[in-house]
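Here is the structure we will look at, set down as structure tokens.
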Amino acid sequence: MPSRLPNLTQGQRVDAKDLTADGHTTSPPARYTEASLIKTLEDFGIGRPSTYSSIIKTIQDRGYVHKKGSALVPSWVAFAVIGLLEQHFARLVDYDFTAAMEDELDEIASGNERRSNWLNNFYFGGDHGVEGSIARAGGLKKLVGGNLEEIDARLVNSIKLFDDAEGRAVNVRVGRNGPYLERMIADPDNPGELKPQRANLKDELTPDELTLELAEKAFATPQEGRSLGVDPETGHEIVAKDGRYGPYVTEVLPEPPEDDDGSAGTPAKKGKKPTGPKPRTGSLLRTMDLETVTLEDALKLLSLPRVVGVDPATNEEITAQNGRYGPYLKRGTDSRSLATEEQMFTITLDEALKIYSEPKRRGRQGVAAPPLRELGNDSASGNPMVIKDGRFGPYVTDGETNASLRKGDDVLSITDERASELLADRRARGPVKKAAKKTPAKKAAKKAPAKKAAKKAAKKS
């Protein structure tokens, strides 16, 4: 045990007899899981056992969090909503206020308070309620009405991340079609003025993984896309772009001609823009790259969905398509996953019918999910390493050994050396021991019921 420091006086000189260099690192707190979030709510007195399930469901349904393994990962929408509430409605998200309101709702549940009276006071204000409650402060209607005029929608939907190398603020903006990056840059057409520069933000990129390097890469990607050439059949230009859901190819449609009344396209309902034909789009396959994809590749993707044939038994058309979760077949409302992306272009009607003749698997059972990232070869086994998303979060594997990523390990920045280190540590700990099965306890033999004759004999005696 290290000894305590001796009593020292101000200005006293001390000599260092020995110096040691000790490393110390800190890790961010672990993400909430459903269980740990419920435990925290219980500690603050927020919610009740009957409402915890609906709370967890609501924050996921509204897109405030998504699950990554067992962890709950917040979205940019959640940051914007929290910013709005904390800046303009801080009382509504105060822990003590929420806990006190839970107690008042318990009074309603127990029959000691009428819900109509409580709701009337809460919304319009009144003397009813504990000191400092929304009711005594004038009610929710007054609170919201008094703050709405002060809310700057652009400011609320902007989340500052960091400054770039030139000192320009890089922000995430939450728009109607999802979050995106934005910063102000010099406008070459108007010297001395600034204009916004925007970039797409991919859905799979979590807030903690967004770095300045990734932001600069996104800004460097042309928003108009890379021109691949012209479709010989339609004469439309084909471009490759990087979008919210990943890289894709699309066709550039000409502007619709204006009618005599000056309108363009199909008449739209009041308040909506006129609608026109939608351009064909196709997501890049996992084997394709945005920088090297060709016009031939793009036309192949834009040919999807491909008609495989007609099922003679049901007279329904079978098509091969590429979806968000991978390639699949579709017959009416019945979808079946394909093992490889190449099958979308090569599968025959007989092969498709064979797939439909087999029992349907649940979800994507039997089809391996693509790795999150590919690494180099493991220094010990020599096998290629990949990062995959498992039930309990991301892990590295060389095909023989699996090792979970630890706190501080990032999927996008982990090195080959660190991945090999995790695998070596997992091998050193040996194989996972299987839990021994508990032998079910034998039930005690039931006693035979006493015979009625014995009872009668006892009565006679």
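Each Cβ is built from the backbone N, Cα and C atoms, and glycine gets one as well.
Taken from TrEMBL, the feature region 'Disordered' covers 1-30 (among others). Residue counts for the region 'Disordered' (1-30) under DSSP, split into helix (H, G, I), strand (E, B) and coil, are 0 helix, 0 strand, 30 coil.
TrEMBL lists 1-131 with the feature domain 'Topo IA-type catalytic'.
Residues annotated as compositional bias 'Polar residues' in TrEMBL: 1-12.
Annotation comment: TrEMBL describes 219-285 (among others) as region 'Disordered'.
The compositional bias 'Basic and acidic residues' annotation in TrEMBL covers 233-244.
Residues annotated as region 'Disordered' in TrEMBL: 362-387 (among others).
Summarising the annotation, TrEMBL assigns region 'Disordered' to 422-461 (among others).
The compositional bias 'Basic residues' feature in TrEMBL is assigned to 429-461.
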Worksheet item: Mean pLDDT for the domain 'Topo IA-type catalytic' (1-131), as a whole number?
Response: 86
Practice prompt. Kindly report the helix/strand/coil residue split of the compositional bias 'Basic and acidic residues' (233-244) according to DSSP, in that order.
Written response: 0 helix, 7 strand, 5 coil
